[in-house]
Amino acid sequence: MSERTEITTPLSLVEDDQVEPSLRPQRLAEFIGQRKVCDALQISVEAALARREPLDHVLFHGPPGLGKTTLASLMARELGVNIKTTSGPVLEKPADLVGILTNQREGDILFIDEIHRLRPIIEEFLYPAMEDWQVDIRLSDGPRAQTMTMKIERFTLIGATTRFGLLTAPMRARFGIVQRLHFYPPDELATIVRRSADILGVDTTQEGAEELARRARGTPRVANRLLRRVRDYAEVRADGRIDRDVARAALELLDVDEYGLDEMDTRVLRALIETFEGGPVGLNSLAVALGEDTATLEEVYEPFLIQEGYLMRTPRGRAATAKAYRRLGFTPPPGASDSQASFFDDGA
Ligand SMILES: Nc1ncnc2c1ncn2[C@@H]1O[C@H](COP(=O)(O)OP(=O)(O)OP(=O)(O)O)[C@@H](O)[C@H]1O
């Protein structure tokens, strides 16, 4: 990934890991945006507390960096329970989960990030745990393997995924609460920037925050990262304050496009237009032309391009919109249309 692509990638970078915990909201009420999701969660939490029952299993889906992990830890806080975190790809065998599941107290949360990447053997193991509060433990291997069934405390599984469509139907069916997170509109991102600036002790004006928000790809993780980079500039080249001019100058120096597009976004659109005559073209062919894997293209880049109206998913494949042609300085061909994507249609 080039330096320029990195700045606006919604994926987590090492530099984010160090700061993100301190920027995470501590209460659901502090979580900015995603109002419908938060209201629904608040009701579920209050109902579970009133009934003294564990919260139903919860599934969060949506593009990376929108707050799935944050919401999972907020659920734990609101419920006053412990949370253990793991992720789909790191779980190799059921034994990796036995310790966690047998040690949980009633109502505790198990958070599984990238839950669409669970191996089938782990999924099979989780079904009775999620439904009947029991796990089957293998005592030996081979054709005459012995298993022992063990009761566990009732718990809540919170799963997060960027690829709802890849979850198996039986897994999906086991979640009582399914919430999709959407890209954030600029005004909410500006509020997130101001909140983070307060925590980090950075002086930021509303216009400065808005300037960062507009270029953050609808993603709080990117907004927070831009804030940190621009803070450096403000301290070295200005008086430490991020106002509109400082934000603009810093973002220009950092090569962050004023529409929030990064280098990879531009390459995607260029390939569509120059190599495939605007499409429609299948995802695989597009990925090969870009030397990128299909999953990253589909999970990380497409949702934003669709939301911003540059790319359309059609039954015959991906197509560039008239807006994409204009953005890259081409005249749209007569057949190119502008997408009807609404702000919240992120194609997930
Ligand atoms: N609504 C919000 N208000 C304030 N900060 C937020 C909000 N949503 C996310 N953030 C911040 O953005 C960063 C990324 O959030 P988080 O790690 O929860 O995203 P995620 O959706 O789990 O991403 P991934 O799936 O890529 O891990 C965190 O620092 C978090 O505090």
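Placement of Cβ uses the backbone N, Cα and C atoms for every residue, glycine included.
As written in TrEMBL, here are the features:
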{"type": "BINDING", "residues": "Leu23, Arg24, Gly65, Lys68, Thr69, Thr70, Arg174, Tyr184, Arg221", "note": "ATP binding site"}
{"type": "DOMAIN", "residues": "54-187", "note": "domain 'AAA+ ATPase'"}
{"type": "REGION", "residues": "185-255", "note": "region 'Small ATPAse domain (RuvB-S)'"}
{"type": "REGION", "residues": "258-348", "note": "region 'Head domain (RuvB-H)'"}
{"type": "BINDING", "residues": "Arg313, Arg318", "note": "DNA binding site"}
{"type": "REGION", "residues": "329-348", "note": "region 'Disordered'"}
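Under DSSP, Arg318 (DNA binding site) is assigned to a strand (E or B) in the three-state scheme.
If you take the Cα of Arg174 (ATP binding site) and the Cα of Arg318 (DNA binding site), they are about 32 angstrom apart, rounded to a whole number. Across all of the region 'Head domain (RuvB-H)' (258-348), the predicted model scores a mean pLDDT of 86. Proximity to ligand 1 (Cβ under 6 Å from any of its atoms) holds for these binding-site residues out of Leu23, Gly65, Thr69, Arg174, Arg221, Arg313: Leu23, Gly65, Thr69, Arg221.
Put simply, Gly65 is the one of the binding-site residues Leu23, Gly65, Thr69, Arg221 whose Cα lies nearest to the Cα of Arg313 (DNA binding site). Applying DSSP to the region 'Small ATPAse domain (RuvB-S)' (185-255) sorts its residues as follows: 52 helix, 2 strand, 17 coil. Arg318 (DNA binding site) and Leu23 (ATP binding site) are 36 Å apart (CA-CA, integer value).
Per-class residue totals from DSSP over the region 'Head domain (RuvB-H)' (258-348), listed helix then strand then coil: 41 helix, 9 strand, 41 coil. Sorting the binding-site residues Arg174, Arg221, Arg313 by the number of other Cβ atoms within 10 Å puts Arg221 first.
For Arg318 (DNA binding site), the nearest neighbour among the binding-site residues Gly65, Thr69, Arg221, judged by Cα separation, is Gly65. In the three-state DSSP scheme, Thr69 (ATP binding site) is classed as helix.
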